[in-house]
């Protein structure tokens, strides 16, 4: 027996080492938990009971609406073929069919099709003379356009964005991303200043007003303004709801909740596609799609505040009341002695500002590194999506397939997070993204047959699959790295980089050669991978609340 065991030390040793590492991680987590009175209170409340389930469900519903409003632009700018409105000829004969009207009043191209932006000038002849001699003098459309081949009423036909009035879709997307950029900073600051509860209500109010109000705009510029407003609300809700969930849940429950919340983002995409396919008018899309927002008014009475934030602001009594309510919902009882030990972490209320991200070395490092990671992920995701469009992939495929794949992708990230932690999960995802981009660089571009085109599309979709996983991991990792007192502000600052990456992608892909944007994806993924090595692991670690533990890093 002794000799047999000595001949195979590798197998038994490696399994023993793996189990020992797992035990050590749990022991370290339990050891650090003993030093945190707030963690003890959360244990008494119940780590994952009815209250926590209800909180998670409350955050799911607005996420469906957020994704609906975020991607609605893709379905209201359907391609339209305009022809000049020449209804003047109906005064001569109201019984003319649309085909006869167009045949008499619109010039034709060399291939026999009607020209879309020119018409024959009206004349004072009778109908017989026009039919006999025909019209010869052309002019740009004077009385608007008609869309006889259109089966749906889109934004283009509503505001006649044709014949020199075209607006590049990238301009609309850039406007939306700019709104997200501003919203991430504003709502992040408001959340740390006013609290999670009022800031979430403010973002939901923005979804109601700007989302539902989009259906009633009277001009395209008003449409852009309302889209700019709703984009701020979408980003604000994403940041603050994540912060609230992060501060209420502990351990692996936090990761599960964040990832499930992002899965419901994909549900919103499916909801949008179903409505866009069945509704014939873009205004109906916003009217029907925005109706589920109004029941969210009930959040005024049922959404809880973060007890961690209340403690940091010196509102100890309010924090205890919220915790006791949560314990009551979970049918638990918090020992009075434990509740009385819950006091401020310092002698006075903790104060922090955005300037701490410059003066504190830890915050500066985390913001810079995670900003690079967020910029890389956002830039890469939008670049791959735009490349799919360049290959002629329909909008429904570009939204449906990634939307469906994102659910298993994010669920797979739960396994990664539990087995190897936040830091290594991010590293694995960035390596996979870099590999997909590198592989795309060596696939022949151009007209090389349907099989090769399908292979390129498959690689691009798999790249989006990987990036969808990284979004959930990065959101969770970033929230755990920042202390409670500046958590939302930190998320808002790194979200600036995310919006910047999206805008950068829209700009670069329209101005640079085909392969260069993909090459930049590969380079940025490698750079983000290197920078992420500077970050600490947060798995099984207690959330930091104040700036005191980072004061040495100033």
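Just so you know, glycine gets a Cβ as well, placed from its N, Cα and C.
Remember, predicted model here, so these are calculated numbers, not experimental data.
Copied from TrEMBL, the annotated features are:
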- 112-539: domain 'Major facilitator superfamily (MFS) profile' (DOMAIN)
- 197-217: transmembrane segment (TRANSMEM)
- 224-245: transmembrane segment (TRANSMEM)
- 257-277: transmembrane segment (TRANSMEM)
- 284-302: transmembrane segment (TRANSMEM)
- 366-384: transmembrane segment (TRANSMEM)
- 424-443: transmembrane segment (TRANSMEM)
- 455-478: transmembrane segment (TRANSMEM)
- 490-509: transmembrane segment (TRANSMEM)
- 515-535: transmembrane segment (TRANSMEM)
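When each of the listed stretches 257-277, 284-302, 366-384, 455-478, 515-535 is scored by C-beta pairs under 8 angstroms to the transmembrane segment (224-245), 257-277 comes out highest. Segment contact holds for the transmembrane segment (197-217) and the transmembrane segment (284-302), given three or more CB pairs below 8 angstroms at sequence separation of 6 or more. Tertiary proximity for the transmembrane segment (515-535) is limited to same-chain residues at least six positions away from its ends with a CB under 8 Å from its CB atoms, namely 365-366, 368-370, 372-373, 375-377, 379-380, 383-384, 386-387, 423, 426-427, 430-431, 433-434, 437-438, 440-441, 445, 477, 481, 505, 508-509.
Below 8 A, the CB atoms of the transmembrane segment (366-384) and the transmembrane segment (424-443) form 3+ pairs separated by six or more positions in the chain. Tallying C-beta pairs under 8 angstroms between the transmembrane segment (490-509) and each of 284-302, 424-443, 455-478 places 455-478 first.
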